[in-house]
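**Student:** Would you mind keeping the following structure in view while I ask a few things?
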Amino acid sequence: MNWDITAAKRLVIKVGSSSLTTLDGGISVQALNRLVDACQQLRARGTEIVLVSSGAIAAGLAPLGLDRRPADLAAQQAAAAVGQGQLLAHYSRAFAHHGAQVGQVLLTVEDLIRRATYVNALRALEKLLALGVVPIINENDAVATAEIRFGDNDRLAALTANLIHADGLVLLSDVDALYDGPPAEGGSPIARIERTEDLSGVTLGPRGRAGIGTGGMVTKVEAANIVTAHGIPARLTSAAQAAALFDGAEVGTLFLPRGKRRGARSAWLAHLAHTKGSITIDTGAVEAVIGARRSLLAAGITEVTGSFEAGDVVDITSGTGTVHARGLSSFSAEEVRRMRGKKTAQLGEELGEDYQRPVVHTDDMARLEATR
Ligand SMILES: Nc1ncnc2c1ncn2[C@@H]1O[C@H](COP(=O)(O)OP(=O)(O)O)[C@@H](O)[C@H]1O
Ligand SMILES: N[C@@H](CCC(=O)OP(=O)(O)O)C(=O)O
């Protein structure tokens, strides 16, 4: 099986900081223009594209007189605030050259876990695409705190590809393929990954150019795994090869889809880095919630850990510690502690009618076996 990128109707293209910025910490206008020209080849063929672009922090370094990525979060936020504006100004100019508009979409994890804001993000992206605009996504680094950060745009791009039902994910970096070991140490390129086992002999090293990228190959392979598990192919290559790739050349590494296409929202939940707490359930509840895909009722809950509010994401675990699912709790941790182990009628009598709802509704739950 192969993937004909020229037939794709909708693509998510992620480009890393190292491909857009110069070593001294400014935007490489030449690299950015080349990327935009390559994207335009796709648009001219009628392919809808969503660009997930890193580079805000790196682009903000030079204007602030910093020579490398600061360790301090507030300084990173400041650099991102300065750099993101500059990045978008460049994209806006480069796409305008082709008569296209761009739309900036800055996301935080929080925006994507709550139903209302998740639906908002999806609606905004769909509308931008329908209007012929190129959405340019980045994490909202200026306000994202350490606990709520995606942290890397590879995963954000993978989840976006699921969200908008893209036909493929393209990861553009400063390296032309996945290698069986860090290229600096003399690894060889891999043309395709068909199943997870193909990755068993591969050594994934950290980021390349000192202090520029964030996740290195680990987060790129994770991103490829997320989409392929959801039936979407991915290709990893360098930004310099983008034009050839979009013309149909089989450059870089192809990750073939393994799973079936599934609900995008459950993918967001399943691949979130952090949850606010966990709810432990008994074996009967595991059977009902995981086996029969029912909502989680208070009666099956044995323990509650952490501190969460209604609407926060929690892990749903069994006594053995296995995380079976993730979901949005309809109640705060304090409330679930009071409800724990009680049957619906008892909840009504003791706490009131409002407490007779499921603690996690089945529609608000991602069963991990099915999504990872
Ligand atoms: N097995 C590997 N195959 C390819 N590249 C690797 C591997 N292990 C580590 N790397 C490094 O990962 C880097 C890309 O990651 P990163 O610097 O985070 O880029 P980006 O800014 O594009 O996200 C490459 O420059 C390469 O040096
Ligand atoms: N959101 C951050 C980038 C985070 C990130 O994943 O960077 P990279 O590894 O270069 O794709 C920024 O714009 O600086």
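Each Cβ is built from the backbone N, Cα and C atoms, and glycine gets one as well.
Because TrEMBL annotations are produced automatically, they should be read as predictions rather than curated entries.
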**Student:** Looking at substrate binding as recorded in TrEMBL, which candidate out of S19, S28, S53, S54 goes with D141, N153?
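**Tutor:** Looking through S19, S28, S53, S54, the residue TrEMBL assigns to the substrate site is S54.
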**Student:** Just the binding-site residues from K14, N153, M217 whose C-beta lies under 6 Å from any atom of ligand 1, please, or none if there are none.
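**Tutor:** M217, by Cβ distance under 6 Å.
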**Student:** For N153 (substrate binding site), list the number of other Cβ atoms lying within 10 Å of its Cβ atom.
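**Tutor:** Its Cβ shell of radius 10 Å holds 27 other Cβ atoms.
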**Student:** Can you list which of these binding-site residues (D141, N153, M217) have a Cβ closer than 6 Å to ligand 2?
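**Tutor:** What lies within reach of ligand 2, judged by Cβ under 6 Å, is D141, N153.
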**Student:** Determine, to the nearest whole angstrom, how far the Cα atom of M217 (ATP binding site) is from the Cα atom of N153 (substrate binding site).
**Tutor:** 12
**Student:** Across the domain 'PUA' (277-360), what does the pLDDT come to on average, as a whole number?
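**Tutor:** Reported value for the domain 'PUA' (277-360) is a mean pLDDT of 93.
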